[in-house]
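A.B. asks: Feature list, courtesy of Swiss-Prot:
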REPEAT    109-143  repeat 'PPR 1'
REPEAT    144-178  repeat 'PPR 2'
REPEAT    179-213  repeat 'PPR 3'
REPEAT    249-283  repeat 'PPR 5'
REPEAT    354-388  repeat 'PPR 8'
REPEAT    389-423  repeat 'PPR 9'
REPEAT    424-458  repeat 'PPR 10'
REPEAT    459-493  repeat 'PPR 11'
REPEAT    494-528  repeat 'PPR 12'
REPEAT    529-563  repeat 'PPR 13'
REPEAT    564-598  repeat 'PPR 14'
REPEAT    599-633  repeat 'PPR 15'
TRANSIT   1-32  transit peptide
């Protein structure tokens, strides 16, 4: 491939010059600076400026001044963005304190409390130090009950059970009185921090503080005991809450269903669903997902499927979300046969899955279901309005091409175009790759022409994909043609490009040209990777050039690259041919040390070499270690050892066979 470097260099230089001319040389100074010389914000006020303000000790004064003077309006999205993007949780708290006092609407916004809670959890813990309490007092603000609930919630998620308890015991010093809301926050935090006993203690203290447990209190405790698998206690709590006039809701029953399934009590979980029906409580999406996933979690997959199908026959409450959950579980467990059965059954009921659920189900079917039947199911759902999407079509096309059902694969490729799914270089590249791997490169070339006719320019990945297809064939002429197109389009070859060209030359037995290309690669300043070296090492070994393969192996390790199994095997074989068995054994030890499992080729090569060098006992010892290192001996490896035993007894295989 001489001349490759010079022609590519000319095109690369021109491309670099073009990029330089098109580059922007100036930046809008108003956008690059957030503070002017006087420390005032640029207009409009931006998030970075706010972040700088709340780092200061006089943050509340500046915020009040800026938002009053400039009359800059706040909106929920902006507030959320500021809260989320602070590295210090104290800054998130400061901004929330200010904004919730500046406009009472934000104090009632549940989404802001959730965002603040997440920020305090991710960056925290933020503890109530004396300095922080003084700062809040000096700012003229106070910690409200709602804010205290957010803080307690973050501590609970961080596992600070004792701290939650200690702070709650001293809330009177913060000007607060115990309330059911605060008790609920503490009990929830204690449950989340795995301190159920302490949560029960707080539950028992509520009434002495004049706070009556409500439905939230009971649901929190029921959730805690169900997580532990103590479902009988959960049932007792449900009875107690009913006696106090707190009727269980959908969340209560969802928690109970999950608890019974965690405990493996499927029948009891089904009874809870029946109880919901009797009480005219409709299961929500969380209930149904909990039920389906719980059934699959506590029963063997086939039994779980049987239970759910039986439930579906009796009760129509499974709904669409239930069908989605069942399909997800079937796909996740690679149950192709059951997935096909379920799709047919729910399809008859008019169920139409969304694209992601359908694609997951199709991927499962393609791994183990009859391909013709899979296509029939696919076509049936598409005719009813399902939109499989690009990936849904592509996995089916790949399966058909692998099965050499080319006409059917082409039909779906055509439909992808009709549905407008081929609209970018990325989608075309995926189709071209699919066709190249199926050895249908001529068809792939048609898609290249089509994409260019539509004004979609190929990229380097496109050309590398074609190089990969022709490289496997060892078609040097075609590879050269693709390379010329790649350069004409102004692309600089990368390590993948060079490796594919080298692989093609090696497959065509043009080893000298392969090493010339390797040299040009280095001249271009492109560092070879493991794949490049492994290709050359294997090729040298296959042509008997053992010296060069050993040198490449050493160079590869010198550059910090890890040879693969095939490179190790090829080098071990080279050493054995050179009668340097000790070096070959050292490589085997290296493989085991770095966690690379030798295969039967590795062991048979060494066993044969040890045997031929008169080291029969070591050959047998190596054979006995094969299974210990995670490899099952094949028939050839076993035969080598059998011949050793026969030789030792003075017999030949032919003599044994004749007798």
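Every residue gets a Cβ built from N, Cα and C, even glycine.
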A.B. asks: In terms of Cβ proximity under 8 Å, which residues at least six beyond the ends of the repeat 'PPR 8' (354-388) contact it?
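C.D. replies: Residues 324, 327-328, 330-331, 334-337, 339-340, 343-344, 347, 395-396, 399-400, 403, 405, 408, 419.
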A.B. asks: Give residue numbers and ranges for long-range contacts of the repeat 'PPR 13' (529-563): same chain, 6 or more residues beyond its ends, CB-CB under 8 A.
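C.D. replies: Beyond its ends, the repeat 'PPR 13' (529-563) has Cβ neighbours at 495, 498-499, 502-503, 506, 509, 511, 514-515, 518, 521, 570-571, 573-575, 577-578, 594.
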A.B. asks: Let me spell it out: take the repeat 'PPR 10' (424-458), skip the flanking residues so only those 6+ beyond its ends count, and list any with a Cβ under 8 Å from a Cβ in it.
C.D. replies: 390, 394, 397-398, 401-402, 406, 409-410, 413, 416, 465-466, 468-470, 472-473, 478, 489
A.B. asks: Over the repeat 'PPR 1' (109-143), what is the model's mean pLDDT?
C.D. replies: 88
A.B. asks: Mind tallying the repeat 'PPR 5' (249-283) by DSSP state, helix then strand then coil?
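C.D. replies: Looking at the repeat 'PPR 5' (249-283) with DSSP, the answer is 26 helix, 0 strand, 9 coil.
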